[in-house]
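As written in TrEMBL, here are the features:
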- B:17-437: domain 'DUF112' (DOMAIN)
- B:7-30: transmembrane segment (TRANSMEM)
- B:50-70: transmembrane segment (TRANSMEM)
- B:106-132: transmembrane segment (TRANSMEM)
- B:144-160: transmembrane segment (TRANSMEM)
- B:167-185: transmembrane segment (TRANSMEM)
- B:197-221: transmembrane segment (TRANSMEM)
- B:256-278: transmembrane segment (TRANSMEM)
- B:313-337: transmembrane segment (TRANSMEM)
- B:353-373: transmembrane segment (TRANSMEM)
- B:393-424: transmembrane segment (TRANSMEM)
- B:436-456: transmembrane segment (TRANSMEM)
- B:468-489: transmembrane segment (TRANSMEM)
Amino acid sequence: MRVGDAVIGVLVVILGLAVSWSAWSLPNLPNQSYGAATFPVAIGICLMGLGAVMAITGVTRGNGFTLAAEGWGRSPGSWLRLALVVVLIVIFVMVADKLGFLIAGTGLMFALLVTFRTNVFVALLVSPVATYVVAWAFGNLLRVPLPRGLLSSLW
Amino acid sequence: MGDLSTAFLLVFDPYVLLVIAASAAFGLFVGSIPGLTATMATALLVPVTFFMDPVPAIAAIVTATAMAIFSGDIPGCLLRIPGTPASAAYADEAFAMTRKGQAERALGTSLVFSAMGGLFGTTVLVLAAPALAEFALSFSSFEYFWLVCLGLSCAVFISPASPMKGLISLFIGLLIATIGIDNPAGQPRFTFGDYELLTGVPFIPAMIGLFAVSEVMRAVVSRAPPLKPGSEALTGVLRGQGANIRRYWKQGLRGSILGTAIGALPGAGADIAAWISYAVSKRFSRTPEKFGTGHEEGLAEAGASNNGALSGAWIPALVFGIPGDSITAVVIGVLYVKGMNPGPTIFIHKPELIHAVFIVFFLANLILLPFGWMAIKLSKQALRVPQQILMPLILMFCVVGAFAITNSMYGVVVALCLGVLGFFMEENGFPVAPAILGLVLGPMLEQNFITSLIKADGSMLAFFERPIAGGLGVVTIALWIVPIVMLLIGRRRRAAQTV
């Protein structure tokens, strides 16, 4: 999905304004004119300037306030798969501690494989094996404390 | 001579050689997985090295990092997902070569010039460590400010997108870097009351998100035929590399020198070395128009540079105990644990250990050729897995890799948020690499900017008063002004011709 340069320019100006406004009141270092606000305010001002230039050039070049669904953007299926990837990771983040990595990871892997249009039987076979290999490599070999959850007594 | 022979005996012990071989395989494995960095490989090795003597412990770290920095090029080349941040500068270039059916050539160039850069950096480390470290130590906040500005300017100019979009991307990265409590006044900034945001946005999960998660998202929406490494075997990786060395020896040497020098500067590591070298390569190339289309000149220079920087970073670490980059920051801790307190006295009290470290450096960069060759051969087999299975697997690695950095789901959330941001940025022609560099160098830029402002009492002229700072400042400003002047001259000429 392509957003017109002018729209992006306006959004960048708004972002710069928000950053400068919220950083303005941050305190300085004791007895100094500089501190926590200096750098973000400078960034905000630069963003406002860049956004303004982009909006103006967008309008003058005719690439202004447009919103175009091109290529994959015209396919509802693509949007659905994209949303699914985000939703699946959010669900994983929410349940991984309780269920443990082996269970939540297998679920995530299976759902991702299906989202990527892998055959369901292949997904059923690959997801537990891949999750176990990842859990073994990171949990045992690299000593990353992955959440154990419900299966804490087993590994 | 006695110390040197003792050092040889220490290194060429079967146990140490076994450790070197095992850590080489480990480094290649970690580096080639997108999202897992050379720093992470070092950090993960520390608990293991705790049970080792000083020489095998240091050998494990040196070997693993040298391998990881090279093997980060493999997924960058074959799938456009850089394995480590140091490979990000030229991942697009290498991938463009893969698209032209020249993956072997790209990886071969990367391998040979990585070994060259590593050997050069080691030679400098051995011969000129004290002098170079002293030079770096004479830098004040003014020099560092301009150095960071130079690095950031290079990131904008080398991106194939318009400078305007590159700049906006850079400022978004700088903005993300301001999140957290780690600022001059120690005040929470943009944390919205969330205690995890107080620690800031961790760089590695952010990189995983911007580069890897966004790439997986592109794959899931893509209606084009899936992107796969070619089915043919990667043969002849080293074929033609002799001619390549003859053709690009200047670039290799320049990258090695620049990489080693940048590595020796505290705070500037292999990542910034690769970015600057790639930009320098393009700027001085006779065929700059070929850059971005699958041209190996930039690969040679930046590949040599990031491996040179690894050795360079050890110069201030060993001689003065100041970390050159995040890897040597971890290493200094290991040196203390092993009783090798870094500092000038280590050369007097434990010369055999220092010599052993130098020998390990040479050995690690020499075995990079056979081990790297093997890694390339095996990688193609691994990357031949169908994309609909490979992409979920990569996403799984990204999720676990992001988790491993913070030991919490915060890393995964950061990777996801920046993945979505990176996806929409690239969809609209915004390059993500300047954002990454802004995120990495933002804290350093802010710290040196505020420190310099306070020192100069707000006077901008003070930024040019010291000779090196002035020189760096002029180069940075020239980098911005010269293209604009050239553009204006070109326009005027074209206008004159049409009249």
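Every residue, even glycine, has its Cβ placed from backbone N, Cα and C.
Curation does not apply to TrEMBL; its annotations are automatic.
Of the two recorded stretches, the transmembrane segment (B:50-70) does not lie close to the transmembrane segment (B:436-456), with fewer than three CB pairs under 8 Å once pairs fewer than 6 apart in sequence are set aside. B:353-373 is the stretch from B:7-30, B:256-278, B:353-373, B:468-489 with the greatest number of Cβ pairs below 8 Å to the transmembrane segment (B:106-132). Between the transmembrane segment (B:436-456) and the transmembrane segment (B:256-278), the number of CB pairs under 8 angstroms, six or more residues apart, is three or more, so the stretches are in contact. Away from its own ends, the transmembrane segment (B:167-185) comes close to residues 152, 155-156, 159, 161, 191, 197-201, 206, 418, 421, 425, 430-443, 445-447, 450 of its chain (Cβ-Cβ under 8 Å, at least six residues beyond either end). Contact between the transmembrane segment (B:7-30) and the transmembrane segment (B:468-489) is absent: fewer than three CB pairs lie under 8 Å, with pairs separated by 6 or more positions in sequence. The list of residues near the transmembrane segment (B:197-221) in space but at least 6 beyond its ends in sequence, with Cβ under 8 angstroms from a Cβ of it, reads 34-35, 37, 39-40, 79-82, 85, 88, 91, 176-177, 179-182, 188, 190-191, 227, 387, 391, 394-395, 398, 401-402, 405-406, 410-412, 414-423, 425-426, 432, 435-436, 439-440. Across the domain 'DUF112' (B:17-437), the model assigns an average pLDDT of 81. With a cut-off of 8 Å between Cβ atoms, the residues of this chain six or more beyond the transmembrane segment (B:353-373) that come close are 3-4, 6-8, 10-11, 20-21, 24-25, 28, 54-55, 58-59, 62-63, 66-67, 70-71, 111-112, 114-115, 118-119, 122, 125-126, 237-238, 307, 311, 314, 318, 340, 346-347.
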